[in-house]
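Input: a single structure, listed below in structure tokens.
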Amino acid sequence: MSWKLTKKLKDTHLAPLTNTFTRSSSTSTIKNESGEETPVVSQTPSISSTNSNGINASESLVSPPVDPVKPGILIVTLHEGRGFALSPHFQQVFTSHFQNNNYSSSVRPSSSSSHSTHGQTASFAQSGRPQSTSGGINAAPTIHGRYSTKYLPYALLDFEKNQVFVDAVSGTPENPLWAGDNTAFKFDVSRKTELNVQLYLRNPSARPGAGRSEDIFLGAVRVLPRFEEAQPYVDDPKLSKKDNQKAAAAHANNERHLGQLGAEWLDLQFGTGSIKIGVSFVENKQRSLKLEDFDLLKVVGKGSFGKVMQVMKKDTGRIYALKTIRKAHIISRSEVTHTLAERSVLAQINNPFIVPLKFSFQSPEKLYLVLAFVNGGELFHHLQREQRFDINRARFYTAELLCALECLHGFKVIYRDLKPENILLDYTGHIALCDFGLCKLDMKDEDRTNTFCGTPEYLAPELLLGNGYTKTVDWWTLGVLLYEMLTGLPPFYDENTNDMYRKILQEPLTFPSSDIVPPAARDLLTRLLDRDPQRRLGANGAAEIKSHHFFANIDWRKLLQRKYEPSFRPNVMGASDTTNFDTEFTSEAPQDSYVDGPVLSQTMQQQFAGWSYNRPVAGLGDAGGSVKDPSFGSIPE
């Protein structure tokens, strides 16, 4: 996770890579009928062509502020699924795998929809033991008619980037059973958003050590919970019995429109079958948080300002990242404005591709940010390991980042520090933008700023020239990042920083062969890396970047709703998994370190007034707010 708190202007992060332009890409390229590459692969529905409505909808005006949600806890229960199925390809994989491995000791009911052995049919292997004739999703072996849980589907619950794996406990792969009301999963609610549930089946043919990264996607559902407790209808004594019944029915209908409350059957998207999921909301009249509300688990990052720890909130059991910042240090470094900007931005934004702020609080010595713990690793880590990404994977990440930057621009925020270290991957392979310490707030489209900040290899020419810059600086950095993902290095990289600055200002943009950077990508990069910010693609808004033919096959509505299954999933075993973090940090004992030095004066403390954040309020003020992402405006279901 990108918690390197001191990374600012003078850092360089990527040494030259050997054989950068000859290494094979990370996944195979899928082409459509016209020979063009499609943006994602791996168990997804086909990607429909984009249209102007999709682009315009995602760059619509800012929606009115959403109503503030009461602080509380969302309680989720999983009950059962029915009618799950594999795609024809994976049906064949399953059947052939288990037949080839000759699981002849198994006894399985022939009916895929029943747990009973009554009426079963079986064939006999040479061992003389009965063997099932069923195949496909139910092809796995059983013991006395029961499936091992490793052959049953599991669910991934995702609420505000808090992600939890839930295994089915019994039933069949086709009709699994979960624990129902016996096991509830609690999520802290800090803003109105949806619950995403994705279903997977373990891949019996996965490579050794692949973990969950090659598991088979079965489908997904989106739940729109009701973030208030149910209000029962009370009979009106002035009405007749019949009229009261009508009024009660109307009341119940209105209640349903406020969101799901209770258990309901929901059909799977991008899959077959349905699943029964229960949700409820409990208001939590909690006082301000303090450090004692969390168990400290591991250190996952450090810097001169403080450190980041993996923590567990005691009342819900959810895992978070707790970022601690020493007040005295940021005061001495004149970093108070940057630190407050990070908190302010995180409190405002509700976007699927940005790490959400859950809470913030303070002590006399420190500031604390409680963020979603996104533990699939930095994009930097994966790019270093693979050297470069194939065109589909690079396009997918670029599209999600484009939506994240568009969202920030909609809130008059320039990001200014886009780089692989500041991009995290979640369990499912979607990106999450983090580290907002260099953001510039309150920037209208025509506004210019002159602050010299960023990371050397990503600095735009206008920033180096010192003539002021606008939001278009973010489109330059997006181009640099796309170039790096495709080739392994930023376009003007040099180990000598001054030479790199000269190249950024003067060197012509060059590309490797077209099998690495295809013509559509080359054209997009040429226009994003235009040294004239007024000519640069994106100068008139994100819509003109989305309209570029490099993104021709992306449906932006689906992308914003995270309906595309990423082609790569990190190997993450659970919410507490820290294997994608540097052992230099995780081996350290987690503790809230004592702060030496004089007590801060009241004047110094006043700089941090309004820091604490427990629930959003409507609006964009510094007190926080959960305002709907402008990218979601006017998108019809």
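Note: Cβ is positioned from N, Cα and C throughout, glycine not excepted.
Swiss-Prot has this to say about the protein:
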- 20-29: compositional bias 'Low complexity' (COMPBIAS)
- 20-63: region 'Disordered' (REGION)
- 40-61: compositional bias 'Polar residues' (COMPBIAS)
- 104-116: compositional bias 'Low complexity' (COMPBIAS)
- 104-140: region 'Disordered' (REGION)
- 117-136: compositional bias 'Polar residues' (COMPBIAS)
- 294-551: domain 'Protein kinase' (DOMAIN)
- VAL300, GLY301, LYS302, GLY303, SER304, PHE305, GLY306, LYS307, VAL308, LYS323: ATP binding site (BINDING)
- ASP417: active site, proton acceptor (ACT_SITE)
- 552-623: domain 'AGC-kinase C-terminal' (DOMAIN)
- SER593: phosphoserine (MOD_RES)
- SER612: phosphoserine (MOD_RES)
- TYR613: phosphotyrosine (MOD_RES)
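Within the set of binding-site residues (LYS302, VAL308), the lowest number of other Cβ atoms found within 10 Å of a Cβ is recorded at LYS302.
Fewest Cβ neighbours within 10 Å among the recorded positions VAL300, GLY306, ASP417: this applies to ASP417. Taking CA atoms as the reference points, ASP417 (active site, proton acceptor) and LYS302 (ATP binding site) are 19 Å apart.
In the three-state DSSP assignment, the secondary structure recorded for GLY306 (ATP binding site) is strand.
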